Every structure is written in C-alpha cells, then in structure tokens.
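Per TrEMBL, these features apply:
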- Asn115, His120, Glu125: oxalate binding site (BINDING)
- His118, His120, Glu125, His164: Mn(2+) binding site (BINDING)
- Cys38-Cys57: disulfide bond (DISULFID)
- 71-216: domain 'Cupin type-1' (DOMAIN)
- 1-28: signal peptide (SIGNAL)
Amino acid sequence: MPKKGKKMYPKLAFFLSILSLHILTTSASDPDPVQDFCIPNTELGSTRTSRFNLETCKIPKEVSPEEFVFSGIKSPGNFSNTGLSAISVTPTVFPGLNMLGMSFVRADLKVGGINAPHFHPRATEIAYVVQGKVYSGFVDSTNKVFAKIIEQGEVMVFPKGLVHFQMNVGKSSATIFGSFNSQNPGTHRIPNVIFGSGINDELLEKAFGLTFEQISVMRRKIIFPKEQGNV
C-alpha cells in the first residue's frame, strides 16, 4: 500500500495544481450567468461583495423589451481637448447588460484627435472602425509595438491589460465602436496615472529626467477628464 500511495501522489499534486490554476483564472473574470438575464431591481438595492455588486433581479414578467435596448450612442458625446469623445455603455446606464460579462463604447475622433495610451485591467477590447481612418495599436510586454492604420469596416483587438492607443489620421472625423469582455473593464490612462495620481515629484524627476517645473507644466497640459470612461 505505501508504494501505491507514492505513485498516486504526483498525479494528485498535478490535479490539484490544474484545479488551482482553473480557480484562479475563472475568479479573475466576470462570473458566468446562472439565469437568462438579470435586470436590476433598483427598489431592492444590491449587496456589495469583495469584487461585485450582487443585484437583486426583477422577475421576468416585470421586465420590458425596452430594458434590452440602448439609444444613447446615436450621436457623439462631448469632445475633450485631445479631440476625443467617448460614451461608455455599462450596466450602470444600460441595465440589459447586467451579469452578461460585456460592455461597449462609442468613440469619436476629430481630425488629428487622439485616444491617449491607456489600458483596461479587466478586459480585452475589440475596436471596429465605423468610419474614418485610424492609426491604432498596442504595446506588448516586451515593449514591441503592433500598430497600423485601420479603416472603415476593419477591426483590431487589444489584448487584456496591454497599453493601446488611437489617432485619427484621415481627413474627416472617425467613429469607433469598442466591445469589452467585462461589464467593468476599467481604464488607466497613462498620462493621468503618471502625472495626475499624486506620485512623488522627486520620483518622477528621476524616472523621466524632468525638472519640477517641467512636471508642473505636464500636469497642467496633459490631464484628461475622467468622464471619458472606457475606450
């Protein structure tokens, strides 16, 4: 019996390691739905866990078709000083998305406008060019840039957690629809993170070879409005 136990142990250890990996990867993404849909019942509120708000759902007979339709992206939103307009669509504004593990965005770029380098910590993004010509790309973990000009009807994917960017290089405005595999992808804009988060000035001086005065100028010029949302 002892010999048999020794032979089984490596198999058991391997199985447990695979199981642990599965648990880690599944717990790092949106949970799978356990019902057809869940339109939040705002009258009953929600329960906060460590990672999600657990919404109380309406019973199906109280749900209307209108709750699965969103009309808020027919036109561009307000433009920032970088020439970007972004309208994020999450369960907060579109209840029909709740618990479906996805969200999306409409982004518009003026001629020469940019979507500054940023990343989404919780989602991969697929960007579809509705109109225009956009220089689009991302940077991988080896610091290699994957970028090209994409035009109307073309799609580009930005892997989860990687820095990506866009710039309108056409002669007219550009419109992009982005889709995320998370209902809360999150957005970290590199200029905001570096110059708008309160990182110690001395550290920034040493990291970028800038003077305190130059850092102050960068902070005044580069901070983008938070309401741009996910894009």
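Every residue, even glycine, has its Cβ placed from backbone N, Cα and C.
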Counts of helix, strand and coil residues, the domain 'Cupin type-1' (71-216), according to DSSP: 22 helix, 59 strand, 65 coil
All-chain count of other Cβ atoms within 10 Å of His120 (oxalate binding site): 25
Cα distance (Å, whole number) from Cys38 (disulfide bond) to His118 (Mn(2+) binding site): 31
Those disulfide-bonded residues listed as Cys38, Cys57, and which of them has the most Cβ atoms within 10 Å of its own Cβ: Cys38
All-chain count of other Cβ atoms within 10 Å of Asn115 (oxalate binding site): 26
Euclidean distance between Cα atoms of Glu125 (oxalate binding site) and Cys57 (disulfide bond), Å: 28
Spatial neighbours of Glu125 (oxalate binding site) that are distant in sequence (at least 6 apart) but have CB under 8 A: Val157, Phe158, His164, Gly178, Ser179, Phe180, Pro185
